[in-house]
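Annotated in Swiss-Prot:
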TRANSMEM  11-31  transmembrane segment
TRANSMEM  44-64  transmembrane segment
TRANSMEM  82-102  transmembrane segment
TRANSMEM  119-139  transmembrane segment
TRANSMEM  153-173  transmembrane segment
TRANSMEM  181-201  transmembrane segment
TRANSMEM  220-240  transmembrane segment
TRANSMEM  252-267  transmembrane segment
TRANSMEM  283-303  transmembrane segment
TRANSMEM  308-328  transmembrane segment
Amino acid sequence: MQIKEIFMIRCISCLSVVLLHIISMVLMLQAEALADISHTVDSFRTLLMFSTPAFIFISEFLLARSYPDGVPDGFLKKRGKVIFVPFLFIAAIDALLMTSAMGGEVTFLAFVQKYLANVFLGNFIGYFILVIFQFYMLHMMFHEYLKKASPKWVLSISFVVTAAYLGYFSAASPAPASEEGGAFPFFWVPFAGWLFYFCLAYYCGKEYKRFLALLNQYRWVVYGAAIASGALVVTVSYVGEIGMISSKRPDIMLYSTSMIFLCFHLFSKMKHVPKIMMFISNYSFSIYLLHAYFMIIGYVLLLNMPEIPAVPAVLLLFAVCTAGPIMTSWALNKFKYGYLFVGKIYQPKQKKVTVEVRDHAG
């Protein structure tokens, strides 16, 4: 069967991440011109924060749906080739670019330090892959327990753990990702900050049909929760003490969950996935992993176009940072081992009128 909701959510999530980062860059470069609406822009940026949790949620959802009784032999080896090896390569590229951008001579020691921080601490855009691999390990170790345990208890406990974890570090480490300050600057990588999403995705994927039926039965609750949680995160962004624009906030956890439910409910009503959405979904991993580096091109473009208004600037960068990763991934995947550098392009297997999705859990 075709889990069309997955393709739609994956597409929307990766595009939302790109848009979020582009708006942040334009806001930084045009800070004076946009000063009067900066709060409004920040609120909109906050509303895009569901994207990374939703993208990561999909990985465990597909595992639970495809492998409820345990993953097949060679699972981690296969995932390592198509996901983790590209992660290591892009981590090296990022380390080289970031150490070069710091000015002065690029030393081997500085490169190694940044590379190790990228790989082990998730100190770059690819941190989400570390979270996904933790989900793989958790699924392999605990799927038997989760099958037997009460979902109400598991979800309740995991919700409290994740909310407490995010709440503490949101207060203790308010510094942005680029600033290594606070109690633990890379708190978003350990699974505790994502445990609720993992448990929720497991049960939603395992009981997919029942999950959709419940969403349909309580659809007005789903609509209301999305609106209420959206209003909450906007309010917190305006007046709350937890003012950082980040998906690693306890209120964002509520909002992201509501948006995931809303997307599953709405997209379950679709008869088919639009071709453009399917196309972008198939390249979503590469877009997510590579778009930040095409923003360097966008940065140079905007520096040479100081008079360009904010909206055209966002549209220009959005085109560059979406098309760039797609073309790069397409070109490298023409070579036998090109996927080892940028990830494999997902190609749904057609079986008459059905689409099998289990070979791409992330």
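A Cβ is built for glycine as well, from the same backbone N, Cα and C atoms used for every other residue.
The recorded stretches the transmembrane segment (11-31) and the transmembrane segment (153-173) do not share 3+ CB pairs below 8 A when only pairs 6 or more apart in sequence are counted, and are therefore not in contact. Here the transmembrane segment (252-267) sits apart from the transmembrane segment (82-102); fewer than 3 CB pairs are under 8 Å, leaving out pairs fewer than 6 apart in sequence. Note on the transmembrane segment (44-64): residues 3, 6, 9-10, 12-14, 16-17, 19-20, 23-24, 71, 128, 131-132, 135-136, 138-139, 143, 194, 197-198, 200-206, 230, 233-234, 236-237, 245-247, 249, 252-253, 255-257, 259-260, 263, 284, 288, 357-358, 360-362 of its chain, located 6 or more positions outside it, place their CB under 8 angstroms from a CB of the stretch.
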